[in-house]
Each structure stands twice: as C-alpha cells, then as structure tokens.
Amino acid sequence: MSLQHFIQDALSQWMKQKGPESDIVLSSRIRLARNLEHVRFPTQFSQEEAQAVLQQFEQKFASQEVKDIGNFVLIRMNETQPLAKRVLVEKHLISPNLAESRFGGCLLSENEEISVMLNEEDHIRIQCLFPGFQLANALKAANQIDDWIEEQVDYAFSEKRGYLTSCPTNVGTGIRASVMMHLPALALTRQMNRIIPAINQLGLVVRGIYGEGSEAIGNIFQISNQMTLGQSEEDIVDDLNSVTAQLIEQERSARKALYQTSKIELEDRVYRSLGILSNCRMIESKETAKCLSDVRLGIDLGIIKGLSSNILNELMILTQPGFLQQYSGGALEPNERDIKRAAIIRERLRLEMHRNGQEDETI
C-alpha cells in the first residue's frame, strides 16, 4: 500500500458510511498528544533526534497490523510532493503544520480512519475520525492505538501534570475532542452570533473546517475542547457530547422554523444554489462551499430529491485546490482551477442524478 492509495479518492472509507445524526454532525474526531521520554520536544529537538523518532516508528509500527483496524503505512513528509501533502490536509488526514514539517511523518491506517502524526507540534499525535456523532467510539479507537504504541515506547508523563506536551493547553490528558457540524439554519438566522460566545464560556472553542485559524466556510463549524488539565478524558468527551446534542436540537428547530416561516425563500435559495452548481462554467471554492451548504440543507429537508449527501461530501473534498490539481494531473492557475472545479461539479451532479433516475436536463 503506497501514498497513491491515500490521495487517489476524495472520500476516505470512513466518510462513505453514514453515522448517527450525520445530517448535522459530519464527523467526530479524537486527537491524543503524546511525547517520548528523554527526547526534546519538536520545537527544540535536532535534525538527528527528529530522524531518530521517524526511524523508531518505521521499525516498530510501519506495516504492522492492529486488531479491527488493519495495517499502517508510514509516509514521510520530506519524500512527499507538496501537492500530495495538500491533498492529505484537505482530506483531514494530516494537519497543515505537519505538511510544513521537514522531518514530519504519518502512520496511516488503510481505511484512513486513524492517522498517527509524527514530529508535528508533539512527537506523536494520534487522530481518530468517525462519521457522524460518535465521540465515544472515536475515543475507544484512539485509546486502543495509544495502548498499542505505549507497549513499545515510553511517554513523557508526570504524576502531577499528566502527559507532557509542547503546548501548555494540551498538558494533562493531551486530548482534543471535536465534532464537525453543518449548521446552516443557525447561521442563516444569525443565532450563531449568540451561540459561539456561549460555547466559549463553557470552555469549548469554535473554529473553521481546517481547525485553528481557519474560516467557517459553507456553514461548517468545528467545536472542540480547549483545556485538557484537571479533567478526565471521559469528562471532556461528555461535556462536548452534551453541547453537541444541544446544538443538534437547536439546528433541527431552526430548520423547521425556517421552512415553516420562509418556505418559498428557502426553496428559492436551495434551487438557486443547485442551479449555479449544475450550470456554472467557473466557480471559486468559497462560492462552491456556500452552494454545497444550501443544497445539503435542501436534501436534508426533502426539498431536493435524487441526490445524496455523500456526493456533497465528495465534492467538498474534490473541489479543494489541492485535490483539483491532483485530479487534473498537475498544477493549475487560479482561473484554471475555477474552470476545472465547475466542470467536475457538473459532471458529478449529472452522473448522480442519472444514477438515481432524476436526470435534470439543465445540468
């Protein structure tokens, strides 16, 4: 299994499955930050130490099989082309920080559900991604990988402070739990302006689709815990579960109210966006995200028939700059990307509608 396996398809295997509450919660993620004992943190270590960490993981963990998960493949960042790294970021398999790391690496599971990032901000960052609202299952998988790694390496751990990490906000459990949520009705009714500060007061943080510093395009928000010290992993996940459940309820209520009070306006918005996606000859990524959000809402409310949310999940990744260029076989100028993006969207929508016997002659 090679790098090509991970960059050839827009959708990871786990993304093709429908999880609980998947019309609102797109994915659940658990990330565990760990460091090796007696090795300086990545912010301070030498090139030799960085390479030693990668070599250790290649010898002990690459090509190894884990029960119920499968084999892992090691990908070294310095051996990976910039375009391929960008695709891995767009698929959420690695972080933007890791992509920029000269001595970074990543152990990826065959189904792309689990990635173990090496020499990012910490020596080890275990990430588990599950479809829908499945934080408990993601935590269980992350702990399984954590135990597997700890059988063969010693972690930097303090009885007083817990797991030691480069960033003080990760000290303690080292856990970052997050959900990716599609909240168009709360955004359209401007309730997110009130909700975000309330979430922050609970010790949680709201970010965009690619985490810290990213914008919430396409009405997709990432909700995660902020502090990891003084709480157990279970308490942190329970807190996020509680807030997520409330957001699901509020989004459902807002969708219902919006459809009841502004049915024609909402249908117009949904079909107008479908019309743009079906007929555009050039389209930027931000407009694509906005239109995909509208169409997803239309599918979830039963306004649009003959399209599945899976095709939208695929288009979300497929129309990103990195994957577009990977799909096209090389680098593209911005206007060339906009033309290619429009062509791919039209092609995929026509294919999906035809497959479901709902051919739209305008596409």
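Quick reminder: no glycine exception, Cβ is built from N, Cα and C everywhere.
Swiss-Prot has this to say about the protein:
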{"type": "BINDING", "residues": "27-31, HIS92, ARG125, 176-180, 207-212", "note": "ATP binding site"}
{"type": "DOMAIN", "residues": "24-254", "note": "domain 'Phosphagen kinase C-terminal'"}
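Sequence features annotated in Swiss-Prot and their locations in the structure.
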residue : record           : DSSP class
SER27   : ATP binding site : strand
ARG125  : ATP binding site : strand
SER178  : ATP binding site : strand
ARG207  : ATP binding site : strand
Per-residue Cβ crowding (10 Å cut-off), top of binding-site residues ARG125, ARG207: ARG125
Taken over the domain 'Phosphagen kinase C-terminal' (24-254), the model's mean pLDDT: 91
Number of other Cβ atoms within 10 Å of the Cβ of SER27 (ATP binding site) across all protein chains: 23
Least buried by Cβ count (within 10 Å) of the binding-site residues ILE30, SER178: SER178
